[in-house]
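Have a look at the structure below before the remarks.
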């Protein structure tokens, strides 16, 4: 940072390049931005901690990003404001180098976290069958650690030890900037590695993500008939499984569980882990049926056998105390997250009257599953996650591009960049840390609701907010 300095002067009015009212204005604005950044990123971190619906792999990456942004809000913004309004660096060369190392390592960690988020979403969309198996909390932790370690290796040694590498410290007293920025090769190398290359990669990844998402939505829209046809009786099995208490094998208590989907094992939960950051919604009719059946009261059960066209196999055993009703429905194409089977257990019914009531419940379930399935809406959760990534990516490019362009220009022509323009460009990088929490809230309803509960001190049931 090439601020005009005069370390021999002690008065603010003499050393500061700004007038008194300008200093007050800068301090108020910078202090407000710092406070908003701190509060916003603390809200993100606390929201993920207290709300179990936000404790997803994707949001763990956002948690790491919020940690980096919080450090920027606490240290980087305030020290740079001090440096700006006073007009010189008052804390000595050691603190200067430590501040610069922390500032650039944390800022680059933000970039690396954005890169990880983009890669994570890309693999979720392009490899929905294989990637979720590897997408574990442990893997996320390793990726986050790698982002921070790489950022440290890229910036900290060069900032802290460059003066020893070249044999002299060229940064004058009262100034604080990275010494190797005067070296064109090193400046270009770090700028490309820290900004330009990640931006290119993230842009390409987002283009592929967007194209894959649009292709999936178009494919679903082309199949309205398959989504609206009634479920065929051959694909609906209502089975009453009555375990014999005298011959119950170990393990599952004698209940029979068969998962059938056109002769293949169902693809349960294949991509559900990849659609993170949003509330999980149930869109399968058999799931709704199981909820209705489990909540039925005896007085709600009426014998309406004429409405059932599917026969139900059953066996009688007065000693049995469990009934298992299993519904297997045909999974919709393109909806690999929807369960293909639902098991409903009715406990406590025995004897002939109990069997009759259970049979009636089974018939009602089969009747409900035979109703025409509602057309599944477009995958809004997937669109919201993609939209969040787009918002974060655009905010990053807009706020970081001016400074990184000026860094390259400064290598060849330092006087070409006015001090005020440099300061604004530097501050724009910091403002990105202020914007990120707003991106989460605007693009993610669960984050937004949790933020609201925390700010209004409504802690009841906050852990289950959707």
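Including glycine, each Cβ sits where the backbone N, Cα and C put it.
Swiss-Prot marks one residue of 16, 232 as phosphoserine, namely 232.
Under the topological domain names given by Swiss-Prot, residue 88 lies across the membrane from residue 449. Residue annotated by Swiss-Prot as N-linked glycosylation site (from the set 6, 284): 6. Of the given residue ranges 347-370, 419-442, Swiss-Prot assigns the label transmembrane segment to 419-442. Counting Cβ pairs closer than 8 Å and at least 6 residues apart in sequence, the transmembrane segment (419-442) and the transmembrane segment (140-162) reach fewer than three and form no contact.
Scored by C-beta pairs under 8 angstroms, the transmembrane segment (388-410) has its highest count with 98-119, from the stretches 23-45, 60-80, 98-119, 140-162. Straight-line distance linking the Cα atoms of residue 176 (disulfide bond) and residue 413 (disulfide bond), rounded to a whole number, equals 19 Å. A gap of 25 Å separates the Cα atoms of residue 416 (disulfide bond) and residue 96 (disulfide bond). Considering only the disulfide-bonded residues 96, 176, 413, the Cβ with the fewest other Cβ atoms within 10 Å is that of 413. Helix, strand and coil residue tallies for the topological domain 'Extracellular' (163-184), in that order: 9 helix, 0 strand, 13 coil [DSSP].
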